[in-house]
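Reading through the structure tokens given below for one structure.
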Amino acid sequence: MIPGNLSGLSEFRLLGFSEISHLHPLLFVVLLSLYILTLIANTVIAFVINSDNTLHTPMYFFLTQLSCLDICYLTVIIPTILENLMVGTVSISKTRCAMQMFFFLFFGVAECFLLAAMSLDRYFAICYPLHYTNIMSSRICRSLVAGSYICGTAVGLIHTLITFGSPLCGSAIDHFFCEIQPFLDLLCGSTVPSEIQVIVVAVFAILSPFLLIIYSYVRIISTILQMASAESQQKAFSTCSSHLLVVTLFYGTASSMYLRPKYSYCAAVDKFLSLSYSVVTPLLNPIIYSLRNKEVKRALKK
């Protein structure tokens, strides 16, 4: 930490994985490989869905949007991580840092609400199958996606403007990109108001869509259990299992990062959690949906 108000500073230093510098070459190869695989996997999924007319349904429309979000989400931070692994401590301008924080929040929050929209799609498909086509029209699907992006924009702007508008007393960020939580260590004086702001926004951006997902699946499970045959139950559940697994991965790591007080943080643990939901999950999403979905596998073979 550097004493005194440094709000006029023009750049920050990202410390990255400085505590394990001997592993930088290995981490560089691993993360670059994961990044390339993620780009290929998500691009293939989006291409296959758009190329196969039988997959032009609301569920696969949302899946295409999820693939695009994952590509953008990962591209926001991976170049900085790779740069950090190559040269050690990275200097990043205040403008670039603010833009990185905004876009990371924008894509992350948009994905939270998109996953909630996907749960609504499964809810109407299973609980109201006769009215599904009318309820989940193309206009409604586009509106749900637009709403996800609007929520992402709002949260990104609010967090970034408040955070970078606060007085700063440090310039070294103990992380591999401009993440909110380690940025709080740079604020002058008490960080309690900023911590409350983070938790309040996290409740809106993470907990609200998650509660909608929980409600949808309670209704879905109740409907499935009332089905007459075991075959119908298995078929209905199979259409939800991929989405449920993706939700568990994404929300599990994101909530453990943002829905807890700052005093319980550990830099090494936080970096691991950030890698989990920002690097690993975008790679697993297309794998989960392709390996567990007969229609996608058929389209891939075709």
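Glycine residues also receive a Cβ, built from the backbone N, Cα and C atoms like all the rest.
Those TrEMBL annotations? Automatic predictions, nothing curated.
Note that the coordinates shown come from a computational prediction; the quantities given were computed from them, not determined experimentally.
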Transmembrane segment per TrEMBL - which of 217-235, 274-292: 274-292
Spatial neighbours of the transmembrane segment (140-162) far in sequence, C-beta under 8 Å, 6+ residues away: 58, 61-62, 65, 98, 101-114, 117, 120-121, 180, 194, 197-198, 201, 204-205
Contact between the transmembrane segment (26-48) and the transmembrane segment (236-254) (at least 3 Cβ pairs under 8 Å, separation 6+): no
Any contact, the transmembrane segment (60-82) to the transmembrane segment (196-215), with at least 3 Cβ pairs under 8 A: no
